[in-house]
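Straight from TrEMBL, the features:
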type	residues	note
ACT_SITE	Lys10	active site
DOMAIN	66-144	domain 'GHMP kinase N-terminal'
BINDING	Pro94, Val95, Ala96, Ala97, Gly98, Leu99, Ala100, Gly101, Gly102, Ser103, Ser104	ATP binding site
ACT_SITE	Asp136	active site
DOMAIN	197-273	domain 'GHMP kinase C-terminal'
Amino acid sequence: MRLLVKAPAKINLSLDVLHKRPDGYHEVKMVMTTIDLADWIELMPLPSDTIKIVSHNRFVPDDHRNLAYQAANLLKETFGIREGVAISITKTIPVAAGLAGGSSDAAATLRGLNKLWKLGLTLDELAALGAKIGSDVSFCVYGGTALATGRGEKIESIPSPPPCWVILAKPTIGVSTAEVYRNLNVNAIRHPDVDGMVQAIHNQDYERICSLVGNVLEEVTMKMYPEVAHIKEQMKRFGADAVLMSGSGPTVFGLVQHDSRLHRIYNGLRGFCDQVFAVRLLGERNLLD
Ligand SMILES: C[C@](O)(CO)[C@H](O)COP(=O)(O)OP(=O)(O)OC[C@H]1O[C@@H](n2ccc(N)nc2=O)[C@H](O)[C@@H]1O
Ligand SMILES: Nc1ncnc2c1ncn2[C@@H]1O[C@H](COP(=O)(O)OP(=O)(O)OP(=O)(O)O)[C@@H](O)[C@H]1O
């Protein structure tokens, strides 16, 4: 049996850092939502007891460093599985972009192998395993929209925001998440209103959602890469309703409700940025199953 699994990207509508923890991670409080920009993971059983990664993207490792490899390996070790699998990854999500591409590939691999190897694990169990691979993996196991706390692995699902377009523009740089967190001064943070964002989503109040978007990592990445600020300014100037950097960046996203404005923003960005996407929010969490 071959299995094809969708691995959607995420954006952070609100991202706050509360403090640095003794274990080196940062305690976060953030609202994340999946978007219809996705990698595809194909899982094929192998006769030998090995994990093989196939990817035609030169930025994606094809060995144990690949997060999808780590997901398969974790299941094999935890449940003593002797079967092999070939994992073919078709990338659409830009790499090292703040969109959780690798994390989503790992989450899709966990969901898919749960079926292929008939493990019968719940999403909560898969999410707990995912947290061992990376902080964003638990959210990606569920998808949809959530309030994430802890180091990002404690997930409370919330309704999805009202429908809108998401325009994404990625400058031609990749960002190291570890470096961005390292450069964050936790004593000089202007905290976004994450609770307000959750409330606005519950109320389906699009204008309020737009007014509350905020990400404390944005300033850090912008200092390192001024092109992020430039893209943000341009996206605002072209008429997006709200504009923010996702995760640790460098991708900037804009929310737009009117189709007419979408084309203007998209074409304007394409004038100076190679990687521009216009997609929809993905909707509720259980659409992934
Ligand atoms: C920026 C976000 O993408 C927002 O969703 C996440 O917080 C990062 O999630 P991620 O890429 O899955 O992060 P991980 O792979 O777990 O960690 C990469 C590195 O980022 C830093 N890190 C990550 C998460 C966190 N809450 N605090 C941290 O300080 C740590 O230095 C860690 O070594
Ligand atoms: N399946 C994968 N797809 C992409 N990158 C991967 C994958 N597995 C491992 N990597 C490595 O992880 C690094 C970060 O890539 P990724 O695209 O996941 O970053 P990101 O979108 O910034 O993640 P996040 O938003 O969770 O911080 C890459 O430079 C790459 O070397």
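Each position is counted from 1, following the chain as shown.
Each Cβ is built from the backbone N, Cα and C atoms, and glycine gets one as well.
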Near ligand 1, which of the recorded positions Lys10, Pro94, Ala96, Gly102, Ser104, Asp136 have CB less than 6 Å from any of its atoms?
Asp136
For the recorded ATP site formed by Pro94, Val95, Ala96, Ala97, Gly98, Leu99, Ala100, Gly101, Gly102, Ser103, Ser104, which further same-chain residues have Cβ atoms within 8 Å of the site's Cβ center?
Ala9, Ile93, Gly247
Using Cβ-Cβ distances, find the residues under 8 Å from Asp136 (active site) that belong to the same chain and are at least 6 apart in sequence, listing them in sequence order.
Lys10, Ala100, Ser103, Ser104, Gly152, Gly247
For Pro94 (ATP binding site), which residues of its chain lie six or more apart in sequence with Cβ-Cβ distance below 8 Å?
Gly101, Lys170, Thr251, Gln275
With the Cβ under 6 Å from ligand 2 as the test, give me the qualifying entries from the recorded positions Lys10, Pro94, Ser104.
none
Among all protein chains shown, how many Cβ atoms are found within 10 Å of the Cβ of Ser104 (ATP binding site), not counting that one?
30
With an 8 Å cut-off on Cβ-Cβ distance and a minimum sequence separation of at least 6, pull the same-chain contacts of Gly102 (ATP binding site), or say none.
Val60, Asn66, Leu67, Ala68, Val95, Gly134
Long-range neighbours only, meaning 6 or more apart in sequence with Cβ under 8 Å: which ones does Ala96 (ATP binding site) have?
Phe59, Gly174, Val175, Ser176
Have a look around Ala100 (ATP binding site) and count the other CB atoms within 10 A of its CB, chains all included.
30
Which numbers of helix, strand and coil residues does DSSP report for the domain 'GHMP kinase N-terminal' (66-144)?
43 helix, 7 strand, 29 coil
